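K.L.:
Below: one structure in structure tokens.
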Amino acid sequence: MSAFKTLDDLGDDLGDVAGKVALVRVDLNLPMQDGVVTDETRIRAALPTINDLTAKGAKVLLLAHFGRPKGERNSQMSLSMVVGAVEKVLGKEVMFVPEIAGDVVAQAVGILKSGDVAILENTRFWKGEEKNDPELAKAIAANGDFYVNDAFSAAHRAHATTEGLAHVLPAYAGRSMQAELEALDKALGSPEKPVAALVGGAKVSSKLDVLTHLVKQVDHLMIGGGMANTFLAAKGVDVGKSLCEHDLVDTANAILAAADESGCTVHLPYEVVVSKEFAANPASLRTCNVHEVAADEMILDAGPLAVEALADALKTCRTLVWNGPLGAFEMEPFDAGTVALARTAAALTIEGTLTSVAGGGDTVAALNHAGVAKDFSYISTAGGAFLEWMEGKELPGVAALSA
Ligand code: ADP
Ligand code: MG
């Protein structure tokens, strides 16, 4: 692991940080439903860094993105919506600043006292964020004394607040970033074989690339969720109305061929839970073979027999890396597959035969829902960054801290 500075180095570098302004990149891309934060894991992950800095007397300006506003202001994606949830977890008042640079931020800094915390607006409202515009980084940096990156989950992106700021201010890894890198290195630096990777969820196109690399590194690739539908379609299965990216079937087939070549066993569900409506406990609920999905049905979970087959494969493995739920776990009974497999993985971990590492916003929420998050060897709050780390890619946000 490359060397990076942590909050322990602040004193040596900058002397007393009391009254100094910390620009802290955190992950506040929180799962929300009807304007209410449904899982606080990511806020809690930022607490050690925020508390460390406020205890040292710094003024803490939190930088984060929320959703994909594509470089424009969008009131539906304002970070003002998460202020209440952050205040609750932090146990103190938090100021909201509707800008990320300029006079408005400078005025806010003037009002904040040592140890106070403010949340700046969604960084992705500005086009320069995702373009990693050095001018934007400089403008943000003008209101701060040093930069802390505590958002491992965004470290696979070279954006102004995840990478650019590290080049214009003294830069440090936050506590969560530090813990994440240390734990992942410990769990997966040289994983015990056989290794299983379970990849599910909904972001098919963004995860296909990762699968291409994973098949060369793992012994078992378990594909679930919406991901599985694209692969089933590639194999000629009619997936009906299921979430499926039909234009990616060629890529899916190439991945299956690459897996074959590297001796990686690919597991796809052969039995599925389907429904005509995307709703909890629908009248049209049924379990069937993948070849029996009707044109007006959607696959929303792996069936119990398919999950049992995955559990059996898992029992032969020593390491599991998991990103993405097996089904639409937010709605009963489509949580059943994810919950059952999560409990098997947790039991094997407790028995000591399996090292289990899981990452991803929804994955963590699903494991919390199954009541087994605490039994996993390590839980990462990151999704994409977690997967790219697994691929062995250098994450730009981490590399910039080490430069
Ligand atoms: P993570 O946040 O852990 O990286 P994703 O965001 O990729 O995971 O995927 C989580 C989402 O995938 C959940 O909202 C879940 O409902 C959805 N999902 C899983 N399986 C299916 C399916 N078969 N059809 C539709 N959505 C699904
Ligand atoms: Mg997600």
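Placement of Cβ uses the backbone N, Cα and C atoms for every residue, glycine included.
Curation plays no part in TrEMBL annotations; they are all automatic predictions.
Remember, predicted model here, so these are calculated numbers, not experimental data.
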K.L.:
Looking at ATP binding as recorded in TrEMBL, which candidate out of LYS207, LYS216, LYS235 goes with GLU330, GLY360, GLY361, ASP362, THR363?
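P.N.:
Record source TrEMBL; matching candidate: LYS207.
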K.L.:
Looking at the binding-site residues ASP27, GLY67, ARG124, whose Cα is closest in space to that of GLY361 (ATP binding site)?
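P.N.:
Ranked by Cα distance from GLY361 (ATP binding site), first place goes to ASP27.
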K.L.:
How many other Cβ atoms sit within 10 Å of the Cβ of ASP362 (ATP binding site)?
P.N.:
22
K.L.:
According to DSSP, does GLU330 (ATP binding site) sit in a helix, a strand, or coil?
P.N.:
coil
K.L.:
Taking only the binding-site residues ASN29, GLY67, LYS207, GLY360, which have a CB closer than 6 angstroms to any atom that belongs to ligand 1?
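P.N.:
Going through ASN29, GLY67, LYS207, GLY360 in sequence order, those close to ligand 1 turn out to be GLY360.
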K.L.:
Enumerate in sequence order the binding-site residues ASN29, ARG124, GLY361 whose Cβ-atom distance to ligand 2 is under 6 angstroms.
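P.N.:
Correct list: GLY361.
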K.L.:
Which is it, of GLY67, GLY361: the one of these binding-site residues whose Cβ has the most other Cβ atoms within 10 Å?
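P.N.:
The largest 10 Å Cβ neighbour count belongs to GLY361.
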K.L.:
How many other Cβ atoms sit within 10 Å of the Cβ of ASN29 (substrate binding site)?
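P.N.:
For ASN29 (substrate binding site), the 10 Å Cβ neighbour count is 23.
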